[in-house]
Each structure stands twice: as C-alpha cells, then as structure tokens.
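Asker: Can you keep this structure in mind? I'll have questions shortly.
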Amino acid sequence: MTATTIDRPAVSGAVAGAATAARDTWALIGRTLRRSLRTPDTLIMGIALPVMIMAMFVYVFGGAIDTGMQYVDYVVPGIVLLCAGYGASTTAVGVATDMTGGLMNRFRSLPMRPAAVLTGHVVESMVRNVVSTVLVVGVALAAGFRPTAGLGGWLAVAGVVALYVLALTWVAVCIGVVASTPEAASGFSFVIMFVPYVSSAFVQPETMPRVLELVARYQPVTPVTDTVRAWLTGAGEAQPWVALAWCAGVFLVARVGAVVLFRRRAG
Amino acid sequence: MAAMIETRGLRKSVGPTRVLDGVDLAVPEGSVLALLGPNGAGKTTMVNVLATLLRPDGGQALVGGVDVVRQPERARTLFSLTGQYAALDELLTGRENLVLMARLAHLPRAAVGPRAAELLDAFDLTDAADRLVRTYSGGMRRRLDLAVSLLTRPRVIFLDEPTTGLDPRSRADLWEVIRGVVREGTTVLLTTQYLEEADALADRIAVLDRGSVVAEGTAAELKRRVGSAHLELELVDGRVERLATDGSVGDARRLLALVEAEDRPVAHWRLATPTLDDVFLTLTGAHVPGAEPGAARASDDPGRRASAPLQEVAR
C-alpha cells in the first residue's frame, strides 16, 4: 500500500516529496485551466471592460485631455495595466469559492499539500491574463495606438506586466482566502479597478489637487505605468527599479501572507 | 478482532460548548458502525476529528492503529471521507473529477483511467461520465462523491450523513452501493439522523447525544433496552392502547381474549416490537427540560405519539 513510501530514507524521501508536490500542482493547474475555459465570462469581462474604458477615454474624454502627446499613446499602457489588474483580482472569487465549498475538505483529507490549490489558481490567472492582455493590445493597435518599441522593449514590458499580474494575483489570493463568501471576494475587483484612476494612467498627476497628486505620484501603479509607457512609446521617464521594487515587494508579502492565512483558515 | 477505528476519551470544545465530551468508540475491522444522533449531537465533529480536519482538545483517535493527531499524513493514506456536502468540482465532468482526485491521491499513473472507468460503471454513472457535475442530480452527486472516496480502495470510510436530502429511491440506491463497499471488507463509520438507515446498514449503533455516547449496541440490543413487544389496540374513537406481551402465541391469545371479554371497541390491533425510533426518543429525549421523554415530541408529531406510553413500560 501507499504506506510503504513513508518508510523510505529521508533524502530520497525529500526528493520524492518535491516530485509529488510538483505532480499535485500540475494536476491542480489542469483543473483551474479547465474551469477557466468553462467559465468564459471571466475572460470576456476581463477583455470587454478595458476595451470599453479605452473607447471612452480615447474617443470621449481624450480630446479634452492634454498630455503633450497623442492621447491614445498616453492612455494605452494604463489600460493594459487596468486590464491585467482586473484580471488578476478575479482570482479572489475563485479562491473564495474553493475555500467555502465542500471541496476543500476533500483536498485536506488527501495525502497532498492543500496549499497547492492556490498555486493552481495563480497559474490560471497568469495564463488568462496573457490572453486578455494580448487581445486588449490588439484592440489598442486597431484604435490607433502606435508604439515605437522594438522586440527587446516589448519583452521588457511583458516581464513588468507579468510581475505586476503575479503580485496582484497573490494579493487576490489573500483576499480570497480570508473572504467569508465568494460575493465578498468579488468586491476586491472594484477596488483594484479604481486604483489606476489616481495614478499617471489616465492623466498626469501634476494636474490633480496637491493631496491626490502625492497619492498618485507615490502609489505603485504610477511607476509601473510610466515604465511601460516609456518603454513602449519613448514618452516620459521609465522608473523600472521603482516599479520592480513595488511589484517584487507586494509579491513577496502577499505570497507569504497567503500561505500563512491559508494555514490559519484551512490547516 | 482488532479495532480499525478507535477513540478514547475524545474531547473537543468550540467556545464554551463541549461538542465532544469524552467519546469512546471501537469499530472492528470490516464492520459498520452508525453514529446516530440529532442535529448538533457532535456527529460531524467526530468525523472531522477522525478525518484529520479538526484537532481534538484531548483524548486519542486511531485509524488503523495510526494516531490521527500525531501522524495525520500517514492516517490519510488509510481512510477516505465523504462529507455532508458533495466535495466535487461542479465545472468538471464526473470522469474528470475522478481522474483529478485519483492523481491527487497518488494512484499510479497507468491505473488512473481504468480505475475511474471501473467506478463510473459500478456506480451507474457511465452515461453521465462526460457531463459537467453541475448538471447532476443530488443522487448522482452523492454516488460520484462516494466513488471518489473509493478510488484508493481505502480500508476505512467515513460517511457523514450520506443520504441526507435524497429522495427515497436515490437513498435506496445509495444503500445498495454502501452495502457493496462493506462486502469488500471496508470498515465504515457512518453518521445519520435516520434510524432506519442505521438499522439497514450498521452492525452496531452508537447513539450520540450532546457529545457523549449514551448507548451502544446492535439494533436488536438497543431495542431490547427500551422494552419488549406489545399489542397495540386502536380503538374506534382513535385512541391507542398498548398491552405488554412476551410475543408468544399463547400470550397474544390470552390478551386478545381479555380484550374480547371486556368488549372493548377495537378497530384494529397489531403486534408491535420496539423501533429504533423508540430507542432514540428514550435515550436522547430525556434531555428535553421539564418534559416527559416522549411527550415533548409526541405533541408536535402525531406519528410519534405511539411511542410515549411504551417508554413508561420500559421504565
């Protein structure tokens, strides 16, 4: 029976343990990806919402906003991050659904590490956001967005956006773990939707009242947006180290926090 | 025979409430124990402690001789849990649920597909195998849930209220499935609030009330605790009278002759043996404050009225 694996020597036991954990995680990634394909509304919302916001800002407000450049070129990096942030935040609902259903008890009574469930959700979020971000960039190009970046620039941008999504996804996981219901967890998406408005994503911070300007200047979305914008269009100043420091910091805190919170809630 | 499931003085409190107040149980290998009790008696807590989902405050719990508190990982390889709510992924098909859980239970890769197919067949789910669980009926979900529990051929199965909320037909189907599992030598601990379920499935019954086992034995033993058989006379005015009897032909004839001699207006009569219902009320109803054991419930449930006088006989 399976009990024999327990009596192996410690070293090969640890290696076997790591391989087993990897296989568990792989199985759970397959599960979340299947779920994702069967609930296309999450992906559709994640694309439709940024596209609508983009249309509104480019065609409705854009003419009245002076940023010293084509407004579509100014706003698209912010829209891409809004799209990625929204997509990452919906992970909170998926995690909360798992935490509150009977399924988690099953996972916990299996000889596996239940926290692997969280990794499954994070990988699903990364994959889903790659799809939605690529589609949103495609729509932006159709709307007149003209980036000047070469391949290196695009790859660098992809890296920053991926780290941004990763960090926000783990924050969403924390929210999902502590939320009492999936409905409560869905509130997180709204908060994340509004954070980019008080940043350099839509207008330049110096046009805001003093207090908001300070908030906008020093909150994480601004350095990330500025970096993506500078690398894609050459406009403004990239702040890659500030952006990376923010993303990496948020990622680390949320990653550790998620595991601690998960243990407390689900052992 | 060695006990496959054993608890000694198991205690667990939630806030000020003692949910488990020193529970001692022993389930021999290959047998079925029903943990019978009303809502809030501590049945689910008991199962959750045994299934390593809850840490007890005190006492010991062993599954297959393994201490579930000290060696939870090892214990988890010996048992499966089918909880009160179907632990399935609604957005996966029946087959995908089985395959996912088989992989997470570390079945050999080559065995996963065939085992899933085998269980789908055994649980009459082959036709629905590739439909999303979201579209399944309650009975189908329970069957799939149980199938998932059996993937690893566990030596012990915990079933927490396996048929709650099912229609009679689905319940009967599930009972058949559980009997099949038992025939293969699996040790089963099931919780239920249905007396007939305990009677139908279990070798032994432990009556749990307010965190303690108030009685344990076979269904027949428990029934004997409450009293012997009796003649039940339904009078034409609807009243019911009971006459204690030893159940023999001679005694029944003697009593019926008495009834006839008194010329009582009897509409029907029958020989009644104590039911588990009577056992249940006698053993757990005694806690109803300021009321006769049976009377408190008899008043709100006409169907139960019959058992009240019987308890007087028993005392």
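Positions of Cβ are set from backbone N, Cα and C atoms, glycine also.
According to TrEMBL:
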DOMAIN    A:41-265  domain 'ABC transmembrane type-2'
TRANSMEM  A:43-62  transmembrane segment
TRANSMEM  A:74-96  transmembrane segment
TRANSMEM  A:117-145  transmembrane segment
TRANSMEM  A:151-178  transmembrane segment
TRANSMEM  A:185-203  transmembrane segment
TRANSMEM  A:241-262  transmembrane segment
Asker: Against which stretches of its own chain does the transmembrane segment (A:151-178) lie, if we need a Cβ under 8 Å and a gap of at least six residues from its ends?
Answerer: 80-81, 84-85, 87-96, 98-99, 118, 121-122, 125-126, 129-130, 133, 185, 188, 192, 224, 227-228, 231-232, 240, 243-244, 246-248, 250-251, 254-255, 257-258, 261-262, 265-266
Asker: The transmembrane segment (A:43-62): which same-chain residues, six or more beyond its ends, come within Cβ distance under 8 Å?
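Answerer: Same-chain contacts beyond the flanks: 36, 71-72, 75-76, 79-80, 82-83, 86-87, 90, 128-129, 131-132, 135-136, 139-140, 143-144, 193, 202.
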Asker: Same-chain Cβ contacts of the transmembrane segment (A:117-145) under 8 Å, 6 or more residues past its ends?
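Answerer: Long-range Cβ neighbours of the transmembrane segment (A:117-145): 25, 28-29, 31-33, 35-36, 42-43, 46-47, 50-51, 54-55, 58, 70, 72-73, 76, 79-80, 83-84, 87-88, 90-91, 94-95, 98, 104, 107, 161-162, 165-166, 169-170, 172-173, 176-177, 258-259, 262.
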Asker: Take the transmembrane segment (A:185-203) and find every residue of the same chain, 6 or more past its ends, with a Cβ under 8 Å from one of its Cβ atoms.
Answerer: 49, 57, 65, 67, 75, 77-79, 81-82, 85-86, 88-90, 92-93, 95-96, 168, 172, 175-176, 179, 212, 215-217, 219, 221-222, 225-226
